[in-house]
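Residues or ranges marked as (6S)-5-formyl-5,6,7,8-tetrahydrofolate binding site in TrEMBL: Arg29, Glu86, Lys125, Lys456. The K(+) binding site annotation in TrEMBL covers Asn230, Thr249, Ile251, Thr254. Residues or ranges marked as GTP binding site in TrEMBL: 230-235, 249-255, 274-277. What TrEMBL records for Ser234, Thr255 is Mg(2+) binding site. Positions annotated as domain 'TrmE-type G' by TrEMBL: 220-382.
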Amino acid sequence: MYHKLFTKIKDTITAQSTPSGRGGIGIVRVSGNKVKSIAKGILGFQPKPRYAHYGSFIGNKYEIIDEGIALFFLKPHSLTGEDILEIQSHGGPIIIDYIIERTINLGARLARPGEFLERAFINNKIDLIKAEGINDLIEANSRIAAQNAIYCIQGNLSNILNTLIKEFIKLRINLEYAINFPDENIDFLKYNIFKKFSFLKKNLSNLLNKSTQNLKIREGINVVIIGQPNVGKSSLLNALTEKESAIVTDIAGTTRDVIHEYIYIHGIQINLIDTAGLCETLNTVEKIGIKRAWTEIKKADHILLVIDASKAININLNHPSIKILLNLPDLNKITIIYNKIDLINPQINEYLSSSIPTIIPLSTKNGVGIEKLKIHLKKIMKLNTIYGKFYTNRRHINVIENALKILEKNKIKKIDYIELLAEDLRYAQNIISTITGEFTSENLLNEIFNNFCIGK
């Protein structure tokens, strides 16, 4: 395990565990081998483990800092696997700073970001996935994201990966047997090896697909709003966000840069991206805005192509909006928005609503059709089924992709050269093990934990 890379931890750390600012309660957490002496110094007595002690907190000159509750946890029965003291005082920043200063004077040092969870990992209290899950729960941007982080903390992804690693080990055992006993029925062995190899690769590929979908929960789904100048793209952004996110005027080309906003639909974050009007122009600034718009289009999960309904009654292949449509990379990711239906014949609006399901007629002026668009977005993005009972992040996805590349590389040839296949399987297994932290480097862990909150 990873803890073997470390020498024995001797120092004691301290930090505020509650958010900065003023509040009813503030918590200072202390962890390490000096906790007992620090507890006696700040409380005036040695607290009993796993009991809530109410009393005074004593300062450097034996003055009373505050009154509150202290909790003492004896190793290994604590979050970090070390002795822990939690001091619950009133939540004023002056009080919290005073208590932290007192713990430092008694022998602690200020903790680095994520260091409490790092120590929990080092002491085998949690694996790396659970540590990241705790941080993801704190940073969750929706209830669904929070629920998936809980699944991660409960070990769902760890169990999936541990099962995969066992399959790696079984296949490597078969390979070692084939290498050590070459006179056995090698054709039968090769068939079994190829079958298990294909099964393992398929499971990894399925995990990658699910992980990529679940990542959208964490980072949001990108919906890009595009169209000609002055068709109502910014007005649509404002209508969806229900605030004045973008400047709206009758002057074509008002929006010249990319504007990012977000909304929530049934607990999933939708990243709305308003773009500059797509057109032919000699204006240098507009050209830059249009180039940025096409960059966002290429990254989009879905595209809303806005057309001015009042000017599109006799639309044909030469219409600028149709030219935009034909240049888009994936027509399956597009919804056409007929805006300004308040300016057209109601019968035409009724026809558009009933006959062409991928066209949403609406009016950003009076709000008609906005709710229908939200329902449509939910449907096409399958927001009710997009998440599974585990949570992955970009690091996990990159690791799975790298393992798959190793298995894909010259896989047919390697069945005939089983020594090479055995080595690549060992390498792929070690890569997968970096997700849980069973096989990883100190530099990688420092990079992960440094992105966590101080006090966690």
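Using the three backbone atoms N, Cα and C, a Cβ is placed for every residue, glycine included.
For the binding-site residues listed here (Asn230, Ser234), the lowest count of other CB atoms within 10 A around the CB belongs to Asn230. In this structure, the binding-site residues Lys125, Lys233, Ala276 were compared by how many other Cβ atoms lie within 10 Å of their Cβ, and the smallest count belongs to Lys125.
In the predicted model, the domain 'TrmE-type G' (220-382) shows an average pLDDT of 78. Within 10 Å of its Cβ, the residue among the binding-site residues Arg29, Glu86 with the fewest other Cβ atoms is Glu86.
Cα spacing between Ala276 (GTP binding site) and Arg29 ((6S)-5-formyl-5,6,7,8-tetrahydrofolate binding site): 50 Å, rounded to the nearest whole number. For Glu86 ((6S)-5-formyl-5,6,7,8-tetrahydrofolate binding site), the nearest of the binding-site residues by C-alpha distance turns out to be Ser234; the candidates were Asn230, Lys233, Ser234. Between the alpha carbons (Cα) of Lys233 (GTP binding site) and Lys125 ((6S)-5-formyl-5,6,7,8-tetrahydrofolate binding site) lies a span of roughly 51 Å.
Separation of the C-alpha atoms of Arg29 ((6S)-5-formyl-5,6,7,8-tetrahydrofolate binding site) and Asn230 (K(+) binding site): 56 Å, rounded to the nearest whole number.
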